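Engineer: Submitted below is the structure of interest, expressed as structure tokens.
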Amino acid sequence: MSRNGRDACRELIGFFFTHDQSLTIYEYRQFGKNRTIVLPFIQKSIYSHQCGRRKGKQYRLGDFYVGATLTFLSSDHASLPESIKENTFLKLRITHIDQIALDSLKTASMDQEDDIVIQETNDRLVFKAIQDVLKEKLHKRGVRILTGLGKYFQQLDKEGNGLLDKADFKQALKVFHLEVSEKDFESAWLILDDNGNGKVDYGEFKRGIIGEMNEYRKSYVRKAFMKLDFNKTGSVPITNIRKCYCAKKHSQVISGHSTEEEIKSSFLETLKVACSKSDEVSYGEFEDYYEGLSIEIIDDEDFVTILRTPWGI
């Protein structure tokens with residue numbers, strides 16, 4: 001989980017060993033068109049959560065499921081890319097899992113940390129209550145608000161570490177007319193500021209109060225971006241997007257209400273407004289666009305079709 005597009009699109013595979021509760025993670029690296037090798041990313045060892053309610057507790061089988069976030073101290077892993085080591089924590093999102101293997105390993109004797117499970121459930125309820133309040137405000141304006149919010153946070157982030165304070169977030173919500181009650185905001189802040197240092201990653205803040213698309217949808221966003229990012233730099237020139245975006249099968253083109261060029265120009269204009277650089281789009285900005293679009297589309301397959309059709313994935 002990173003604002004750096006190259007890091008966000010890294011292809012990783014991990015293994016958890018129940019006999020000693022250790023884990024290891026490898027990265028797929030492609031060299032040329034046909035050669036792929038697997039390199040160590042996180043060395044095999046026993047690790048603990050670095051953030052959240054489970055901070056300090058060792059990873060266990062129950063921590064692994066689609067959508068789970070694994071956290072590691074970047075300083076513990078000397079071989080990590082410099083772009084990742086710039087951040088205190090390395091955060092990895094589980095996007096796929098071998099469910100058959102997982103189910104076969106689960107046993108009725110697995111001890112449950114009931115107090116933490118209850119706390120995490122309550123945390124989710126706090127966020128859901130806020131998300132429900134904001135859902136109506138985001139309806140039909142999701143793309144504009146999410147892309148605008150992402151750009152606004154980048155401008156506030158003078159140090160470039162992704163961390164902002166409480167006043168920054170309150171101001172951002174006010175600017176984009178996403179105000180929530182003081183009680184709800186403080187409840188969310190207590191959960192998000194788990195280190196108690198008065199600063200929170202703005203990506204975590206957005207995911208908490210607005211929510212995020214599921215991993216199935218997100219996998220197609222990554223596929224589209226990776227197809228555009230020919231050189232794997234983490235940013236895509238607007239010229240690449242113009243070249244690859246196909247509006248031929250867009251509903252408004254088929255109905256005759258718009259031309260292909262009008263749809264393409266409208267899409268590019270929306271992206272440009274969201275970008276910090278006028279001639280390229282970062283992965284975070286690309287994801288913000290589709291995060292906003294996702295809010296307005298209920299059915300997963302409808303969303304995937306909207307992605308697959310113009311990008312040919």
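Heads up, the Cβ atoms here are built off N, Cα and C, so glycines get one too.
Relevant sequence annotations retrieved from Swiss-Prot are reproduced here:
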type	residues	note
DOMAIN	144-179	domain 'EF-hand 1'
DOMAIN	180-215	domain 'EF-hand 2'
BINDING	Asp193, Asn195, Asn197, Lys199, Glu204	Ca(2+) binding site
DOMAIN	216-251	domain 'EF-hand 3'
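Could you give the neighbours, burial and distances for every feature on this list?
Structural biologist: Under 8 Å from some Cβ of the domain 'EF-hand 1' (144-179) lie the Cβ atoms of residues 3, 86-87, 134, 137-138, 185, 189, 193, 198-203, 205-206, 209-210, 270-271, 273-276, 284-285, 288-289, 291-292, 295, all in the same chain and six or more residues away from its ends.
Counting residue by residue with DSSP, the domain 'EF-hand 2' (180-215) contains 20 helix, 3 strand, 13 coil.
Residues within less than 8 Å, Cβ to Cβ, of Asn197 (Ca(2+) binding site) and separated from it by at least 6 positions along the same chain comprise none.
Non-local neighbours of the domain 'EF-hand 3' (216-251) in the same chain are 4-9, 95, 258, 260-261, 263-264, 267-268, 271-272, 277-283, 286-287, 290, 294, 300, 303-304, 307-313; each lies 6+ residues outside the stretch with a CB under 8 Å from one of its CB atoms.
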Engineer: Count the Cβ atoms, other than its own, that fall within 10 Å of the Cβ of Glu204 (Ca(2+) binding site), considering every protein chain shown.
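Structural biologist: Around the Cβ of Glu204 (Ca(2+) binding site), 19 other Cβ atoms lie within 10 Å.
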Engineer: Return the residues near Asn195 (Ca(2+) binding site), defined as same-chain residues 6+ apart in sequence whose C-beta is under 8 angstroms from its C-beta, sorted by sequence, else 'none'.
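Structural biologist: In sequence order, Cys51 meet the Cβ cut-off.
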Engineer: Report the mean pLDDT of the predicted model across the domain 'EF-hand 2' (180-215), rounded to a whole number.
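Structural biologist: Result for the domain 'EF-hand 2' (180-215): average pLDDT 93.
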Engineer: Using the Cβ centroid of Asp193, Asn195, Asn197, Lys199, Glu204 as the reference point for the Ca(2+) site, which residues of the same chain not in that list have Cβ within 8 Å?
Structural biologist: Leu163, Leu192, Asp194, Gly196, Gly198, Val200, Asp201
